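The region 'Disordered' annotation in TrEMBL covers 1-20. Sequence annotations record features per position, and here TrEMBL assigns domain 'Zinc finger Sec23/Sec24-type' to 373-409. TrEMBL lists 446-684 with the feature domain 'Sec23/Sec24 trunk'. The domain 'Sec23/Sec24 beta-sandwich' feature in TrEMBL is assigned to 689-773. Taken from TrEMBL, the feature domain 'Sec23/Sec24 helical' applies to 784-881. The domain 'Gelsolin-like' annotation in TrEMBL covers 910-983.
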Amino acid sequence: VPDGAENTAPGGAGYSPVQNSLMHSSQMLDGQGFGSTVPGLYSHQIPTKVPVHPSSGQYNFGGSQNVSLLSNQGSGQTLNRPPAGLISMAPLQHTSSVPQMLPPSQNSAAIPSSSSSFVPGAYPPALSNWQYGQTPMSQPTGSQTNHFAHVAGTLPTQPLSSGSTNPATSYQYTVSPGGPPLQNSYMKPGKKDKVNIRTLVQWHMFGLSYTSGYKTTTYPSPVPQNLKMGRNVGYSYPTLPPGYQNASSPGAPGMQSSPLQYQAGPQPFPQPALGTNHITGSMSGLSLQPEGLRSINLLQERNILPTTPLQAPVPNLHEEIQKLNCNPELFRCTLTNIPQTQALLNKAKLPLGLLLHPFKDLSQLPVVTSSTIVRCRSCRTYINPFVSFLDQRRWKCNLCYRVNDVPEEFMYNPVTRVYGEPHKRPEVQNATIEFMAPSEYMLRPPQPPVYLFVFDVSHNAIETGYLTTVSKTLLDNLDLLPGNTRTKIGFITFDSTIHFYSLQEGLSQPQMLIVSDIEDVFIPMPENLLVNLNENKELIQDLLRTLPQMFTKSLETQSALGPALQAAFKLMSPTGGRISVFQTQLPSVGVGSLKSREEPNQRASAKDIHLTPSTDFYKKLALDCSGQQVAVDLFLLSGQYSDLASLGCISRYSAGSVYYYQSYHHQHNPVQVEKLQKELKRYLTRKIGFEAVMRIRCTKGLSIHTFHGNFFVRSTDLLSLPNVNPDAGYAVQMSVEESLTDMPVVSFQSALLYTSSKGERRIRVHTMCLPVVTTLNDVYLGADVQAITGLLANMAVDRSVSASLSDARDALVNAVIDSLSAYRSSVLSIQQPGLMAPYSLRLFPLHVLALLKQKAFQTGTNIRLDERIFTMCQVKNQPLIFLMLMTHPNLYRVDNLTDEGALNINDRTIPQPPILQLSVEKLSRDGAYLMDAGSVMFMWVGKNCGQNFVSQVLGVPSYVSIPQNMTHLPELETAESTRTIAFISWLREQRPFFPILHIIRDESPLKSSFLQNMIEDRTESALSYYEFLLHIQQQVNK
Ligand SMILES: [Zn+2]
């Protein structure tokens, strides 16, 4: 965007500066959702276009517009929010003519004292000094008020600088009529802001209030009483709260931005400004919940597993701020108290990182349609609930601390239809929000949804019967594919040759085109292979009906997967889109062919197993795909070794997903058929974003350095996601690069720019705010043991691949030893016998032991190589909640379900039995137990299980008549049956994959799988939990 564009803001010359409109969008889930809501939702009806105020004709965008503009508001307009810097402590909830004074920041000792602050009467009269405190760093006054939002974001403007070759330059593509223009890249060169951020932050930022037991604690104010003078201001314009006039500016010598310069706003204020509260310095001085401060001797306390699902810790922020914070299901940090320095982080021996589920299905999501997306001019952060408003016209970035202007459009709040309350805009009230992106965020027209299916039709593939299930599921869901009238679809099949299908309008039936030269694949009739779904639906349906039968007589056993993928890539390059490839064996001919590397006898060894790809073909092709906005999802349905370590790269680097159906066979393994059908339905119909990029920003001083998940890191911190789906999770590691001195809080923001299936460019933004602490004890207090475990699991996958599995296992154990040693030596004042852990980390050894026993990292001969690799793929790609479930399953007793404490959802009663420890000790022979391990469930029925359960729930006359391979519960007309089925269905509904249910008894061959998940018990190759604790204790006490 040329610089000049900044000056030609829409509305700049007109009288209706607010052209924003807001949509309140309710995105309902389709049964696969997670039912979470974003906090702080608003439900007002919002007009699409509203005049700002009657006197808009008096606007002057040119000079010192602010004063006259505000004067024009008349007495009817109210400033509802105190400027940032004002405390909205509990007293502010009352409308009081004498606003409560703020307690000073306890950090104020750290601020160089300044003669210009705290002097009553020093404030110039209202209005005339509105712009007091402008500094050279600020934008010149008199300039456009809404310039900055029109700078194209850095998100879409990074040049494509992948290490990949850009194939578009060497191929000639034919674009189907109506398709988007062919471009090598839609990324345009970025515009770098040269502002020196460092100079902006050398001043004190803002305080915040810690809470005590999550109740607001107000501290007596040592502020001189005379400061209250002049604070009793009117409640409406033109009188301004005097605090506005004294807003300090970055870099202003001697200025203090202490909260004391501000005072309470004239009205009850539901949202405390972040910059307003005092900081207590250390939580250790406060009476937190006693539980959280407790040290636990793990060797003595056996019952540490909560009976309800473990919740994410609540960051220790003022409750009014925390109320606005991001939902932990979307954005979570391993340490909810951020250590102030890297030295402190090093001492804690805990990993610092973020876990994200950025595109999660949400039941409600505020969507903003605005011509102006307000972002920091320096660091491009989106305005969010944790910025501070210095006054109505300026806001301070919470990531780089630059002071930015509030654009004119932003002055109007379309939710309340009130002018002059930018702080109440939905962007400042919601930590999760989605923007409809204006045209600056596009370099080409948003791509249409394009879906290409690539099917293995070798003899082996046809034998599994998968094509029947896939074709039928696709046929059933064709109308539910996300998209619009531009949606395109195409099909390729392959064995030793590649088959294309012309679906050209006017044909009476699909035409198959066979290309046998797999050395140099060319695309025959490219314009007829990807066709408009709506216009050619009959031909497409025709093809899907005949496809399963077309190859039944084929004896071709070879698999030319590599050439087929090359063809798919060529076909998709002009538009981008999604390739779904179904593969059933090791690719054997053409580029990308592979050889078996699995040696069954060596499976036991943690060393020398083949976790690394044997060829870089799939990674290179994936990077080419990524460059052309194409993602590849791999469905591997195989009974034999297929080298997933190599094949998986095609999805990993193109931001696709891997699905694995081990030993899929429609007759021999019928339970897999249902799983594939259910998961494929979810896959086909779930939300999808195209040509996406994600950037994660954090407060200056913190640094993000390692990314986990399926994507390609395009520039240092820009993740390229040709497709984004609601079921993918990501993780990043961070370090503290510069001391966070004087920063009571830090923030993190992820921004995901994508094209919706309807062809809209959208940006989904999540912002999280966390406190900074200075003591080791506080760091431990805020530890999020699930997030830590999740991040360690991701790191362990990397370590397994780059070093060895045994290395990774050692590192996991050392993480426990090191952190508990540090806690013992640096935090505990009295050395006690036993193994002491902070309450927050009481489950850490158990979770790490669970990781060691998990399929990705376990030793022993039980696990096949592809299965291990697949589990590693899941670790990298699953949202934290599912990663935890597959690591440490939930165990419930289910033969005595009651309605006590049950949930009531849509007239269904969902029992909530307590979670039990994973030990056979907890099993009773007269009970039945459900183990929920995420993608699989086991129901173990004891020998002496009550006759009632056996007949009323299992529908069989006796224990001995329970079938060997029972995988379904009959729907019986009994209360017991209804409860049990309701519970299992409810568990299944909350995840995007379909867990198979195995009903087992003592004699079942699957009993060993069930017992393998009994994390607390000893297995043939792994320690019991108690033995593990003893081992840790021994190391800690060394
Ligand atoms: Zn900034």
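Each Cβ is built from the backbone N, Cα and C atoms, and glycine gets one as well.
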Taking DSSP states H, G and I as helix and E and B as strand, how many residues of the domain 'Sec23/Sec24 helical' (784-881) are helix, strand and coil?
68 helix, 3 strand, 27 coil
Limited to the domain 'Gelsolin-like' (910-983), I'd like the whole-number average of pLDDT.
95
Counting by DSSP, what is the helix, strand and coil composition of the domain 'Sec23/Sec24 beta-sandwich' (689-773)?
0 helix, 61 strand, 24 coil
Helix, strand and coil counts within the domain 'Gelsolin-like' (910-983) (DSSP):
21 helix, 15 strand, 38 coil
